[in-house]
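*Asks:* Just lifted these from TrEMBL, have a look:
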BINDING   H29, D30  Zn(2+) 1 binding site
BINDING   D30  Zn(2+) 2 binding site
DOMAIN    1-131  domain 'PDEase'
Amino acid sequence: MYSISRKVDIPSKIGDLELLILLTSCICHDLDHPGYNNIYQINAKTELAIRYNDISPLENHHCSVAFRILENEECNIFKSFSSDEFKQIREGIIRCILATDMARHNEILTNFKEIIPVFDASDKSHVNLVS
């Protein structure tokens, strides 16, 4: 993702915080993946499916694991940020990781294609589609 973001010059289109969110999300998006997809999780009524009420169980789990790791003092790369900045980071990472659920792929891709021709870096809804 780092190489792609540089190749298409994403850093000039979004802020530093959004770039941090994007890159951190890429690293964390499959943490502790059990090897079975959401459809299996839901049909098999696994612990993850039950815990997350059949709503993107894997992606919710990846988010949970990421933030449990980041709670550790030696792993908390966000400790120098203000609580407002951390709230924005957390919301962004959750949004990005939940967007990796393939059940949402067509919806997200359609929205992305509609926004690209009129992309406005000052419009948070536009930035949220690329970060």
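Quick reminder: no glycine exception, Cβ is built from N, Cα and C everywhere.
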*Asks:* On a count of neighbouring CB atoms within 10 A, which of the binding-site residues H29, D30 is highest?
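*Replies:* That would be H29, with the most Cβ atoms nearby.
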*Asks:* Quick check on the domain 'PDEase' (1-131): DSSP residue counts for helix, strand, coil, in that order please.
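*Replies:* Across the domain 'PDEase' (1-131), the residues distribute as 91 helix, 0 strand, 40 coil.
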